Amino acid sequence: HSDAVFTDNYSRFRKQMAVKKYLNSVLT
């Protein structure tokens, strides 16, 4: 169970980082 939670949080974290990186590339 803990692995599933960790994977879910990690994928969510990766998505947030991808969105931030995308926004930075668009705004600059």
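Cβ coordinates come from backbone N, Cα and C, glycine included.
Feature list (source: Swiss-Prot):
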MOD_RES   Thr28  threonine amide
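Reduced to three states, the DSSP call for Thr28 (threonine amide) is coil. Within the same chain, no residue at least 6 positions away from the residue listed as 'threonine amide' has a Cβ under 8 Å from its Cβ.
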